[in-house]
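Notes to accompany the following structure.
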Amino acid sequence: MYELYLVALLLVGVIGANVLKQFLPQIPEAFILIATGWGLSFIPIFKQFQLEPEFFMLLIIAPLMFIDGQKQSFNKIRKRFQGIFLLSVVLAVLTAAVVGVVAHQIEAQWTLPLAIALAAIVTPTDAVAVKSLTGNNELPGGVGEALELESLFNDATGLVMLDLALSVLSRGTFSVVDGIGHFLFVAVGGILIGIAGGFLLVMLRFNLNMRGKNPELTTIPISLLTPFAIYLLAEHFGTSGILAVVATGIEHNWEANRLRLTSTNVQLTSRTIWNIVTDVLNDVVFLILGLSLPTVFQNTLTIGWLGTVQLIGISLLIYLIMLGIRYFWALRGDNPEMVTFFGRRADQDHRFNAQIFAISGVHGTVTLAMALSLPTKIAGHTFPYRNELIMVAMFVILISMIVSALVLPRKLPEKAEAYTLDDLNHIRNKMVDYAILQIRGTIEDHATREAVTAQLQSQKQNNPGVDRIARGANYQQVLGDTKEVMDTFIHGDYVSDHYSAMTIKVYNNILQHSLTNTTKPRLGHRMKKSMKHAYREVVWHTAHGVITKRQKSQFRQRRLEDDPQYSKKVQQWQTVRLELLALNDDVTGVVDQYLDRVLKTRLEQKFSDNDHIYMARNVINHFFDNVKHEYRQEAVVVDGTIYMRAFQCEYDFIQKGLNDGFISQTIASTLYTEINQAQLLQTQQLALAE
């Protein structure tokens, strides 16, 4: 049960942090998540929280690396192979060597293998953390690509170097040949296992997609289990599980290209699921970082404040060394591979790109997981300075994140949004209103017309920036104008020629009573009125002995037979009632035409906030239902082809907007996606209703 509660609370933390960031847009998301994790650490179940590195690497890092691999095509990896090798291996090894030697010189009691172990731990970078810290800023394209490709593989480099350092600490000897051989075995072996296992799984999924009856029931679960299976298989043979899942992810990118437009349901569903899983796991990574802060604080108390300040100084020095190495690495000569990422030395932005690359070397929870994976004992003795190494790793993580959060938003330009939310809402509203107008003109039945209108209207998004006072005033204006149209019609020649004076009088009385004041009376007043009516009904029925439905029917029949005057009134009322219903239908048609004209005029005048028209239409439709005594609305069955025609009208509107130039390609793409999803959802809902 402990594990269940742990996972549940982590998910609650993710939800809470995502709610908080809506109210704190200026604070980087990563820090909100870290703070949330720190807050969760005070819950009793997290009091003794210890990050299990194997658990973390398997259940969180492996699927994240798998999906990152899927985002990279094989052709891109082949084209950028030399650059990837330089960034993920050569730069990582150089950084670890320099940091290790410097750390050994500063802390003489740290042996060189121990210092190299620390350097290997702080070497991996975290592109996800960079994206979180620069969510509102635009990274230079080449720098962003370099950071992604670097973080894709340098985790494995750091893990292999840590393994080598621990091996030297355990045996007390080091062989360059053995070290290189071990590195190649772990790295190349992991890649080969990932390629082989990925190929088998891809072929299995591909054949199931092409031949299976319901392929999503098998291929999607296989996809979700793939990173765990590949990681465990690679680790079982002593190779790099991280490189294995990255290689498998790249192969799955090939599968998507091979499927093209076949098995679209499987591809879209799988992509949606993986996007959600990735977002949640990325958030969990920072939550765990926050949960680990109390451990650092406890170590601080153990070591003492003087020792802690010394470790902070070492951490700052290590960070500055790594910053300098990254900067000069990116700044170096016109290497063709580096030019792709950072530009030529003569380029105006070359130095700026090198600075951004250096500052963006943020370290994340892979560094923390590697630090916590240090054994408590090695070669039969207590692992030396384990707590100090963990604290230095944590301080390096925090320093790199704080520096990046402070510097990058000031150096990088803000993202130039292709469109604003208001722009999208404006075009979407006009699109929906256009489709509603077009489709209403083709539907004869009023109930069907209103059902389709309400369904299409639900495509509009809630706009918090709307002027509610102006909308309320427009609503009152439209409602008043519509009432005048109804008054004019029922007192016009057509109605006088076709309906009796009694019918016109009764309908007018109902109209004046119902629409003179559309605000609902207070709840207490309505309850008092209902109770008075119920009391009179009970008294009358009790006095006349009319309780059951059968008694009521018998009483009514006897009165019709015994009271000619009452019988005449009933016949007159039945006649008036039939005329009322007919007049109500005529008024309904007039009102529908009038409100459609109002909406059309608003669209021609380029107005997109027309919700007040629908508000007035709903109030008047409620009046029509009351006249017909239809107080309980039954579900209207709408032919699915009507919705398909409506969606086609929306497509036509966007295409016309593209041709005329008042809709941009980016907004059009967004709306096309929304229509596709709405069309699919509507089709599924209609199928369920059958």
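Each Cβ is built from the backbone N, Cα and C atoms, and glycine gets one as well.
What you are looking at is a predicted structure, and each value in this text was computed from that prediction instead of being measured.
Database features, via TrEMBL:
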DOMAIN    9-408  domain 'Cation/H+ exchanger transmembrane'
TRANSMEM  6-24  transmembrane segment
TRANSMEM  31-49  transmembrane segment
TRANSMEM  83-104  transmembrane segment
TRANSMEM  110-130  transmembrane segment
TRANSMEM  182-204  transmembrane segment
TRANSMEM  280-297  transmembrane segment
TRANSMEM  303-331  transmembrane segment
TRANSMEM  352-374  transmembrane segment
TRANSMEM  389-408  transmembrane segment
- Query: In terms of Cβ proximity under 8 Å, which residues at least six beyond the ends of the transmembrane segment (389-408) contact it?
  - Reply: 28, 30-31, 114, 117-118, 121-122, 129-130, 133-134, 137, 289, 292-293, 295-296, 299-300, 303, 308, 311-312, 314-316, 318-319, 356, 359-365, 367-368, 370-372, 374
- Residue list, the transmembrane segment (280-297) vs rest of chain: Cβ under 8 Å, 6 or more residues beyond ends. 10-11, 13-14, 17-18, 29-30, 33-41, 46, 49-51, 56, 60, 63-64, 128-129, 132, 364-365, 368, 372, 390-391, 394, 397
- Per the definition of 3+ C-beta pairs under 8 A with sequence separation of 6 or more, do the transmembrane segment (303-331) and the transmembrane segment (110-130) touch? yes
- Which one, 6-24, 31-49, 83-104, 110-130, 182-204, has the most C-beta pairs under 8 Å toward the transmembrane segment (352-374)? 110-130
- Select the range from 6-24, 83-104, 182-204 that forms the most Cβ-Cβ pairs under 8 Å with the transmembrane segment (31-49). 6-24
- Same-chain residues near the transmembrane segment (83-104), Cβ under 8 Å, at least 6 residues beyond its ends: 77, 110-112, 114-116, 118-120, 122-124, 146, 149-150, 152-154, 156-158, 161, 314, 317-318, 321-322, 325-326, 329, 335, 337-338, 340-341
